[in-house]
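Quick notes on the structure that follows.
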Amino acid sequence: MIVSATPSSNAGIGSGELGSFVRQVVAGRWFSLFASFLVMAGAGGVYLFAYYSRDIKTTLQCDQTTLNKIGFYKDLGSNVGIVAGLLAEVAPTWVLLLIGAALNFVGYFKIWQGVTGKIVNPTVAYFCFYIMVGANSQNFANTGVLVTCVKNFPERRGVMLGLAKGFVGLSGAIMTQIYTAIYGDDTRSLILLLGWLPSLISLIFISTIREIKAVKHPNEFRVFVHFLCVSVILALFLAALVFIQKRIRFDQSAHAAVVAAIASLLLLPLLIAIREEIVLWNLNKRTIGIHQPQTSPNPPSSSNKPSRGEDHTIPQAIFSADMLILCITMLIGVGASLTAIDNLRQIGESHGYPSETINSLIVLVSIFNFTGRIFSGFVSDILLEKFKFPRPLMLTLVLLVSCIGHLLVAFPFNDSLYIASIVIGFSLGAQVPLHFAMISELFGLKHYSTLFNFGQLFCPIGSYILNVMVTGRLYDEMAKTTTGIGGLHCEGHSCYEQSFVILAGLTFFVALVSLILVERTREFYKGDIYKKFREDMESLKTKMEFYTLDEKRTRIGNLLVDKHSINIKS
């Protein structure tokens, strides 16, 4: 395998070589990354629950506690990925994507049948089961994509996880625009779209997302910055649409044009992938092979207990104090943020916001969920590399920011819900790459698929406690106070005041708990945790410099020969 470098001016792809080049692109690491972005861009259906939750509530004629119980099963399905993690230990990625596509279609299709009356008198258990099935499909897509990408780009884990999970964060906003263009304002049809489109994407790219022998790339971060620029442009475009569509009513042709623009932006990473493969192709044609230094797995520790950064067994990692702290932060930190997002429509309604504004708030959450993931992925990597700033301390800061979002819901003022949506979306997004990166750094990559799925198992537990047992019950009590016995809808700022004060307090508490992990891992993060990969990179850069120098000498020699020939002819 060969790394990219600046191609010589006389290199190119002949007409008879196009087929071979296309095969190289499709089989390459960069195309696999592009395909991963598209799969992740369709894997965020769980964040759109606030859009169609009212359809479920209307169908069942249920109270908020019951609806939050259904939301809990959604969170349970989307975070219980142990089966996907264990399967990834023994099965190729395409198996996970195939199972995920099947679960996704069945789950959301059955929900769509329930809310459209095609299933007569669906029960609460019916919706709980199928929303759990549909949401659980995300684990198979996430595990297949994230584990593959981290192993393909091991020295840029924070950046890689931030980008991949960032596209999940944008998924809600993307799906919203697509469903509006195809189905109009029928939120029930959004459920149908969530059933067939993500499954189709996974099936299209099922054979291209796989682990590929890592090709060391001296300018890999630069390529990721290019991917970042594309994703930021897409996010800004989607954010601008929120405000434009609030003031201007789009007709169907305008919505179609918006979807075409989104599709074009989603395809831009393909051009970056092709560019990198062109460089590889040209270097191959020159038969200049700069081969990947073979890396060995982390050497085992002489103790029974491995050091941080070495590959842990599953029991060693699960029963460690570091994992316990990470699980507590996910239990409360992520659980509180999920609670806020699941209740966003009801929060907006209780504050008197119109439906169009609430839809805009949901899109804002999606966009800033993306922003948080990108920010924590890139910034934590840069701070760690340049200043040895530990990721656990970044997590502490994010949790403190999350407290502000919860307090804005508890004590609202004019248009404060816009700010709260931005803060909560950002903080939820920022927590995810940090948790996943820390798990890979502290416990190694050998059992990463199982360990990160074990960690995120605590998110739905936290969601159940905070969403169903706390927020839902307090909302229903306030609904009875404001609308009388049997009231299903609460009105007024007091509906969520008490519950979100509790969420803010618990999040502040868990931010303090995370400082324990900061202290425990201080020495670990002071060292070079990617030393093995950096040694390989330095070796590669030396070979690249030798190649560049040799190429310059060859060009100078050719020029001298040409000049000598011209003098002889003269």
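Cβ from N, Cα, C; glycine included.
Nobody curates TrEMBL annotations by hand; they come from automatic prediction.
As written in TrEMBL, here are the features:
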type     : residues : note
DOMAIN   : 29-274   : domain 'Nodulin-like'
DOMAIN   : 330-525  : domain 'NFD4 C-terminal'
REGION   : 291-310  : region 'Disordered'
TRANSMEM : 30-50    : transmembrane segment
TRANSMEM : 94-112   : transmembrane segment
TRANSMEM : 124-150  : transmembrane segment
TRANSMEM : 162-184  : transmembrane segment
TRANSMEM : 190-209  : transmembrane segment
TRANSMEM : 221-244  : transmembrane segment
TRANSMEM : 317-341  : transmembrane segment
TRANSMEM : 361-384  : transmembrane segment
TRANSMEM : 393-411  : transmembrane segment
TRANSMEM : 417-439  : transmembrane segment
TRANSMEM : 451-470  : transmembrane segment
TRANSMEM : 500-518  : transmembrane segment
Let me check one thing: do the transmembrane segment (451-470) and the transmembrane segment (162-184) come into contact, meaning three or more Cβ pairs under 8 Å with sequence separation of at least 6? no
What same-chain residues lie close to the transmembrane segment (190-209): Cβ under 8 Å, and 6 or more beyond its ends? 26-27, 31-32, 35-36, 38-39, 41-43, 45, 48, 51-52, 55, 93-94, 97-98, 100-102, 104-105, 107-109, 111-112, 115, 134, 137, 141, 144-145, 148, 175-176, 178-179, 182-183
PLDDT averaged over the residues of the domain 'NFD4 C-terminal' (330-525): 91
Okay, the transmembrane segment (221-244) and the transmembrane segment (417-439): do they have at least three CB pairs under 8 Å, pairs separated by 6 or more? no
Might you confirm whether the transmembrane segment (162-184) is in contact with the transmembrane segment (361-384), defined here as three or more C-beta pairs under 8 A between residues 6 or more apart in sequence? yes
Please identify the stretch among 30-50, 162-184, 393-411, 500-518 with the greatest number of Cβ pairs below 8 Å relative to the transmembrane segment (124-150). 30-50
Six or more residues beyond either end and a Cβ under 8 Å away: which residues meet both conditions relative to the transmembrane segment (393-411)? 329, 333, 336-337, 340, 347, 372, 376, 379-380, 383, 417, 419-420, 423-424, 426-428, 430-431, 434-435, 438, 496-501, 503-504, 507-508, 510-511, 514-515, 517-518
So if I exclude everything within five residues of the ends of the transmembrane segment (221-244), which remaining residues of that chain have a CB under 8 angstroms from its CBs? That is, six or more out. 30, 33, 37, 156, 159-160, 163, 166-167, 170, 173-174, 177, 258, 261-262, 265-266, 268-269, 272, 276, 360, 363-364, 366-367, 370-371, 374, 378
Short question: most Cβ pairs under 8 Å with the transmembrane segment (30-50), which of 94-112, 162-184, 317-341? 162-184
